[in-house]
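For reference, TrEMBL has these:
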- 100-130: coiled coil (COILED)
- 37-51: compositional bias 'Low complexity' (COMPBIAS)
- 26-59: region 'Disordered' (REGION)
Amino acid sequence: MQRGMYVDLMEATEGEMEVERGKDCYSSEAADPIPRSPSSGPFLSSSSSCPQGKIRSRTAVPATMEELFQYMKTLRSQINDVADQAAKISVEEHMHCTTIHTLQNDLQLVKNETRQVKEETDKMTKTKAQICSQILGKQRKITSLETDSSTLSQTLEFMQQERVSLSEKLVDRSAYYTKVAEDISRQLKEQKVTEKAGGTKESEDDMSPSVIMDIQAAQAKFDKVEQLKADLLLENSKLRQSVELLKTRMTNFKPELREMDGKSLEEELQALLSDKDGEAEYVQSLQLQITKLKVSNFRFISLCKLNNYLAICVISMLLALKLLHEYLMDLCIDDFQSWKAEP
């Protein structure tokens, strides 16, 4: 399109130049009738009759029309070359603009992808930091749980040892009281046999030395029972102190560990309650035996005071044992409930 415009412009310029030159030549021939030589044309001499302004404005004017046409062809070819070069430059410019636009789009896309990758990297870094902090917290919790577990196992071991020792003591006391009851029953039977064989004196002043010895033995046994009662009270105070020590140790445990330990303590409490029921049944059986012995020996008037004294000793001993056992069980239950009620 640009090349066509240049060609049209050149053709119009050539037409105007030819018309103007023709007019000038005709006007000069009409004004100057002097013949001129063929070599001196209107385009060669500067002293021709043509207007000097137009002639002088053009330098190196060709002598003939052929040379002019040749120059015009050369100029047209040069104009065509310039138009071709302009078209090529325009095409290259368009290609460069397209390439620049494509590169700008690619650069913007790369920037967006880089920003997105950076955001994802920041998110991954934050997530990694959170995971690391959670891992550290869980490791600390595991360490504390291991420490609490070891402390709890030691405390449970200590409680089991205390329970075993207490059970042994209760078994020993039960065996001792059983032996005492058997001795009393045996002595009463012997006295009954002796009473049937030889009879007894009805007066208290005329008691036989054997009866006095029996009374003294009963008094000694009663003193021993009192001593055992004092020993049991001392052991009770020691057990109370150990329970308080266990309570102070258990306050340092976590609620989860307390709940875990509460199950085992409830099992221990059930075992102690079953032991209490067994002891109560045993005491009731002893009371029934004593009642039977009292009823069977009620006939013997001479030994009534001795029998009453022995019965009172045995009953007081059994009641003291029962009260002590109930006190210990109530103490254990109260301590367990207070420990369980703590936050």
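Each Cβ is built from the backbone N, Cα and C atoms, and glycine gets one as well.
Caution: TrEMBL annotation is automatic and unverified by curators.
These figures come from a predicted structure and were not determined experimentally.
Remote same-chain partners of the coiled coil (100-130), defined as residues 6 or more beyond its termini with a Cβ less than 8 Å from a stretch Cβ, are none.
On the 0 to 100 pLDDT scale, the coiled coil (100-130) averages 91 in this prediction.
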